[in-house]
Amino acid sequence: MRVSEKVIEGLLWLAAVITILITAGIIWVLLSESISFFRVVSLAEFLTEKEWTPLFADKKFGIMPLVAGTLLTTGVAIAVALPIGLTIAVYLNEYAHATLKQVVKPLLEVLATIPTVVYGFFALTVVTPFLQQFIPSLAGFNALSAGIVMGIMIIPMISSLSEDAISSVPRSLREAAYGMGSTRLQTSFGVMVPAASSGIIVSVILAISRAVGETMIVAVAAGQQPRLTLNPLVPIETITTYIVQVSLGDVPQGSLEYKTIFAAGITLFVFTFALNNLSFWIKKKYQEKYD
Amino acid sequence: MTNSDINRLKDKAFQVFGIFCTFIGLVVLAVFLFDIIAEGIARIDWDFLTSLPSRRASRAGILTAWVGTLWILVLTTIIAFPLGVAAGVYLEEYGKKNKMANFLEINIANLAGVPSIIYGLLGLEVFVRQMRLGGSLLAGALTLSLLILPIIIVTTREAIKAVPRSIRDGSYALGASKWQTVWNQVLPASFGGILTGIILALSRAVGEAAPLIVIGALAYVPFTPSTPMDEFTVLPIQIFNWTSRPQEAFLTNAAAAIIILLIITFLLNGIAVYLRNKQQKKVKW
């Protein structure tokens, strides 16, 4: 009896430890392939070269154009999702009727369940032609449409996490604000939002991390032209799109071109890892402020 | 106007803006669904569902894609379900509250935030190359299992946490061992919640294209897979492939395939929400 209990506990433990092996595996894979990449291409070139052309005859290995493309689509997405998401959070918390909140929240969550390749289709075939009516210089592939659609996708992420943060602010703070004669708007942005700021910041950081790693929307709608620019109207390429582009082609395994996807991958991993841990740190540091 | 009139006006203005923001997402969603249905619904017929891919848009179908998606769903469930639940049970019931538990928890939260395409790179190196599985269904299912494992673990833990202490104490008082308590009391009591989590995780896996493209799943597979070692494609990859072609007819195909993919995704999510509501109504501790 006691032996079988121990065996079962051991098996369950193994399942839990696999999660550590996954992390170790990710780091090992990214590092080992990148290290052999950096034996050929210096880290200095990787970080300072202004062109990324590993698939051309004249090869240049500067990651910056891909980073710029990634930050550009992410920036557009956050510019869309933050104001809308935060307004929704405040509105549902302070203005809306409880029944409306109950109906709207799950409906907004639907936005997060739609596969991202479907959003890509939407960006390419609906949003870009629509925007071209107002911005004639907008290219068929561009960071703007991809970013806007990505922003719509992450609205529920910001709105629901921020809403949780705002609704966990103690009632007494809100009542004190109303007692002083504040309007709902003043109460929201003068008291509730500042009091919930750590939770709101966490939601935004997680949204940024999600946008940085998003692949299919940008692969479909943002183009495949690495370009060091902040102009959202022209085709660009993100880190994730580059990995997809190489995976779709027939680059021989083990070649330098093949290793570039791991170098791009580790760059992406460093960004998201830093963002995620920043969010944990903020959450841990500030969450019990009002208990 | 006095100051307080102005403040009241601002308050009203924000209310209107709030309504606008709340509904803009939903309106975009509605426009989008309408657009997809208008473009694709006429293309869906029996032939579309049962035809192999083709260079000619009018003859191309999604047979290999949806069969591949189904295979991936089943294999991923077989791999990720026992692993995820076992890990969740260990962390919640057996794990001691020490540094190791803390580390495991942070690690799982971190894994949940790793972009899916990075899992693709992991799968490419470990499953496709080291284990020599190639761009097979098994390699794809293993990769997606790792991707959804954190979601399953987190929801399993939450479901188990909701089972009250008294249930366990009652079981121990009757002389049950730890595992007997977990197996006969805790798991049945939390099964609804665990199932909900798994279905939500699967609906995520169904929509993934990026990691499968990286491990080498192909857009053009001329036959339906019959064993886990066969090459495959899935609906999202087929949609991606058709969307990236310039001809209008392929976009229509993509829209039609999107309708099928959305039906599968919404169906899975619907089942999950239904189970969760049923569970919440049934169980009153």
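Keep in mind that glycine also has a Cβ here, set from the backbone N, Cα and C atoms.
According to TrEMBL, the domain 'ABC transmembrane type-1' annotation covers B:66-272.
What TrEMBL lists as transmembrane segment is B:16-42 (among others).
Feature annotation from TrEMBL assigns transmembrane segment to B:63-91 (among others). Using a Cβ-Cβ cut-off under 8 Å and counting only residues 6 or more beyond its ends in the same chain, the transmembrane segment (B:63-91) has close neighbours at 49-53, 101, 104-105, 137-138, 140-142, 144-145, 148-149, 151-157, 160, 182, 186-187, 194, 198, 201-202, 205-206, 212, 217, 221-225, 228, 232-235, 237-238, 257, 260-261, 264.
The transmembrane segment annotation in TrEMBL covers B:103-124 (among others).
Per TrEMBL, the feature transmembrane segment maps to B:136-156 (among others).
Only residues 6 or more beyond the boundaries of the transmembrane segment (B:182-202), in the same chain, are considered here, and those with a CB under 8 A from a CB of the stretch are 73, 76-77, 80-81, 84-85, 88-89, 93, 148, 151-152, 154-156, 158-160, 162-163, 167-168, 170-171, 176, 268-269, 271-272, 275-276, 278-279, 282-283. TrEMBL lists B:182-202 (among others) with the feature transmembrane segment.
As annotated by TrEMBL, transmembrane segment applies to B:209-229 (among others).
Under the heading transmembrane segment, TrEMBL lists B:249-275 (among others).
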Are there 3 or more C-beta pairs under 8 Å linking the transmembrane segment (B:209-229) with the transmembrane segment (B:103-124), counting only pairs at least 6 apart in sequence? yes
Lying 6 or more residues past either end of the transmembrane segment (B:16-42) yet within Cβ distance under 8 Å of it, the residues of that chain are 251-259, 262
Who are the chain neighbours of the transmembrane segment (B:249-275) in space, where the CB to CB distance is under 8 Å and they lie at least 6 residues beyond its ends? 33, 36-37, 39-41, 43-44, 48-49, 57-58, 60, 62, 65-66, 69, 192, 195-196, 199-200, 202-203, 206-207, 235-236, 238-239, 242-243
